[in-house]
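Before any comments, here is the structure.
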């Protein structure tokens, strides 16, 4: 923990407290002990010490909450996490709204809290929407009071009471004879109870708000009178008509009145939270909360489209998806088409029912499964679109045509005129359809639409997005068990309208439509069904899972908080200390979002050494909360009070703010929630803000986590939350915090010390100096002095409109100039995307805005809102070998990677999965073993080059490079039981039979009796057999079942029962026989082309319970289960299943031996040159994937191999260098060809007397640098290691095993250390045979690995996809996606050329977060009621176009160079554009020149005049200089220039906004540079910037830096 002192931040005494004591909870004065106490224990300790102060109210609440928890436990229940949060709010008497899904316990919470408060003598009122709910709630409460002997009077009124009962209940209500009252909202409308309530719980706000006066009634129930309600409504009206200042004045008066009223607590609960009208805002004015209607944007729907539009397609998808669908017919086809579709489906045996406003029958039958599909018209207020909420039943939706609006074109034009939105008169009478289309596009600014003519009138058709969202949302609902998955299939009837729908879905909901053939429907249906099963099973158990957790997310700005909250619907809002706190439900998190308002603390001014306490060689910053009065910042309380006093004496308005209030808000919410997310910006400043928040929230909540996102989009927020759930949360980086601390202290020390000197000299106490601003001021002065120097300048106008100018001393009297012209084709690459400095430079020039304005605009815009080909094999942590595409899609997390410290292969974690559309050249690298790797040019591989291991990009790999290859390493592989293999392969339609003595079956039988309601349970119990799929579903341990199961078989007539067999070496050897030369047809497995009797004998031994027979040249065995296992393992077709390589080594080796015995070969080949035989060991296949996977595995157990191809057949050849290892590990499992191997082995060994070497290492150049003591080489000779021969041999290779021995005798050196690391490591090397560039258009994939940042790809070590953020031009994969989607939406896919602009350790560039151009942004802003200025639009347009251009192909131009000999100058530009490329989006910054075809040009005009030697700087040019010279940071560029302007050191010229130093600025600079050059020089400033960076990287001790800075400051005299 970093030592810091926070003034006035002790939660108890409001005194100063250290960061260490904040971790304990209170300061030393309050409690001497240093133990961390539980909250109630802390209260007890403070009471004992008699120091309990500010925490007293919290202690009361904590104690009451404990009481409530115990009360609920005594009733026999446990509070859910979310209920605990609600309880704490009620106990604080804070009113609020609950917007959560049905079933998470909100109604029951209302009951529990009412009983608890009633027990304490308080009066409670539960308001429900229906009589049924009133009855059920009354029965529940009555049952609880009776069972637990609670003396609580409960009264319930409802319409089903008898006349006598109604009279009695009304009398009791009239006489206040109750503690808890329960009625419908309808009762409240007609009968207003007279007494005041302490707690009112409204369950279902929609029913309450049917009568808007009920809002007033609820407020009166709480103790507010008519007068105060009317005053509150007056404020609402003033705000509505724009009289904000008047409203604020009245609000201040109202707040004082409310503070004197002891009112009750109101909870408004709803699953939808729809609220209408102005009166509902009374809750905001009087109770500090607003009702939200969250979850309408919460959807997990796969949006699919099919361009085949027909009834037949509806039938096809219903048959595929099954029961539980809705068919929505586009409104323009009407009910008649819906009836036609109903009839068609019924005729095809689909149980379908049409639902519409006049016929709503069918809902219950659909719920019960008697109807499979409902049909309705896609209308926003249709009964199916809005009235259906069956998450357990509705699985998918089919849209027959795109939901659309039909608008009469004439009426639409007239309505625009009436609203004043159409300035010119538009007449469509007598126009052709083509002309009308042009009017709609150009005048009405509608891009995607359809035009129809009905009854001589044109209809405009545009997509009805809200209806689509609402209707498709029926398939994905938030429930107590989480958000369900749904599918939506749109049958496209109008392509133009569909394009508009796609855009809207992308912009508004960040959802991308997928073409039907891009979706794995089998997986989708499986996930949909899993979610429904979860609801079914969960509700059957009758217990609400504790899924919904409450989390406080703290961001920096209120804008950002609001934007994030609005991603998920209209949030509920609470006002705490006059600040908005937003609340939304996002799946299983109840997210509460608030803002810190940026930095909360700053250094004090009047304590320590300029705000730093120095003691015991420590430098401890003393912080206090930032205070502002009318925008002016203070840290000293006395200064603040003095200013307020002065303003009040002058009668001026005082707008005061203390950032401490933000911490108090955070602390209050922290006490309520389960956890806190620190979501400040991920940079140095954001890290310090986050650290301050975290440390000050600690006394109230210890579950604090860091989350981060580099763009404000729904996708990014959900991704950050998902990362946290997976355990990938970030932590606050203390090094960054230390960097910020030092930067601020240094700025304070130098600023205060030098500023005081300036005050003394110039007698102006507003002057300031700083280490960065002073050099920058110097540049502006230096430029100004140069500008004053005048030089002669000649400007010529030549024929053909050629202009040229040059500094020219002499007269120029020529009438003609000689020219040389070159014209050639030239590719012009786009500029990279903007960084902070380039944006400031460009935007200041273009728009004349200040850097400060542009930074502010960019911030507000922000707040709104390397890879491999898919066939690359990656080795997983359990040994499985799968394609990277499958790994990314399945998000497999455990992979093998290389620990670079000791070169050992270890299990690591994939933390990010990348899938990117790529169109460009790939590097195809072919290795000497003929394995191949295809990668994007920047994908890095581990290469031995220049005697070092280096990461080299694929584009820079050369022939004869050596790439690191994992070799002979250990993997923890595990056996798999038969039943678990069946589960893995999804072969679950098999029956398991148990004998009479089975104890496990008794457990199964008990489960069946208790949980299975259908008659099939008797069949299971009677026959003692159960389908495997149910045993899996019921979560029984399959390994335990396998121990006692008697038989297994398929429920097909004639299928033989077989005993459960072991998947041991014998089974996997058999599998190898089939892999080599077998075939599978139905249940029969045939093995051919081998000694048949031998095979038959092997099968007899492996499967003694099955008959096998010889037929022709084949041995046949039949069993449907074994046949399906082999089929799904890929033994004959498809992919060889990667699970094989997760089995124990002996099993895989037996499989490979079986393969050799059917389709392998052992033969001796005579080498005439060496006069010796080589042993050829080879496997063959037409399937490359089989041999590649086996080869990768063989390398892992130390067997070298190469891959060859001849015609269509592949061969895997085992290297003779690995003969001994092959004999030891594979050959012992051979049966049929064992003798052939042994004979070959004996011959080879006899002729090759030297000991076999497993592998050779290409390290001779490093080896040659070793030194040996005298006599040691002789010792090695005795061991038959002649290293002198190694020096002579031409090869670079050295035998690994011999090198190990040699290294024991070598002298110690870095070279020895390097070689020892390699020989003892888990790698060898493979030579690069060939490198090619190949075109590619498709997806590429990558992984981000947590620790080692590499993985095994196609048998070599491959670097992962790293992703860091800083100010740079780097484009992330998300950025590339935005560009790709924009170009695709605008039919510019051919222009795409993704570029990463890679920068090591870099942040991302400035870019848009949505594929939305400026016109679309304006439309988006209108629809979402977001107001931005024209300058915002300009800056966005600039950023957008520059970014999209950076991801497009080069422009190709006919380039012209005109060399003017007489002036020795060139004019350059383009004559013609051959291919526009990126210039289609962004300006081509080249002159357009005429084609010149002669050798001289006439001078038409000439001028010789005096001009300034250099132009003055503008703000953008100064920013560029700061970047180039390493002064300042992106976040401070604009601030530095603003400070120079504010201090009066610099002014801007009126005409061109150029920077001009003032007399004061020049004098201040001269004084500083003459007296303190060592402190404010450019070099010293740059040096300090580098030191700060080192602190942030953990390379330098920040205390030592502060010590040095302190000494430097003390030198100022």
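A Cβ is built for glycine as well, from the same backbone N, Cα and C atoms used for every other residue.
Per Swiss-Prot, Zn(2+) binding site is recorded for 10, 13, 27, 30. Listed in sequence order, 10, 12, 13, 15, 46, 49, 51, 53 are the same-chain residues six or more apart from residue 30 (Zn(2+) binding site) with CB atoms under 8 A from its CB.
Annotated Mg(2+) binding site per Swiss-Prot: 556, 681, in sequence order. Cβ environment of residue 556 (Mg(2+) binding site): 595, 596, 597, 598, 680, 681, 686, 689 lie under 8 Å away, each six or more residues apart in the same chain.
Per Swiss-Prot, domain 'Helicase ATP-binding' is recorded for 87-291.
Sequence annotations record features per position, and here Swiss-Prot assigns domain 'Helicase C-terminal' to 310-525.
According to Swiss-Prot, the domain 'Toprim' annotation covers 550-712.
The average pLDDT computed over the domain 'Topo IA-type catalytic' (733-1613) stands at 87. The domain 'Topo IA-type catalytic' annotation in Swiss-Prot covers 733-1613 and is backed by sequence analysis.
Summarised by DSSP class, the composition of the domain 'DOD-type homing endonuclease' (1070-1199) is 61 helix, 36 strand, 33 coil. Annotated domain 'DOD-type homing endonuclease' per Swiss-Prot: 1070-1199, in sequence order.
According to Swiss-Prot, the region 'Topoisomerase I' annotation covers 546-1613.
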Extra residues within 8 Å (Cβ to Cβ centroid of 10, 13, 27, 30), Zn(2+): 11, 12, 14, 15, 17, 21, 26, 28, 29, 31, 51, 53
Under 8 Å by Cβ from residue 27 (Zn(2+) binding site), counting only residues of that chain that are 6 or more apart: 10, 12, 13, 15, 16, 17, 18, 21
All-chain count of other Cβ atoms within 10 Å of residue 681 (Mg(2+) binding site): 22
Residue, out of the binding-site residues 10, 13, whose Cβ gathers the largest set of other Cβ atoms within 10 Å: 10
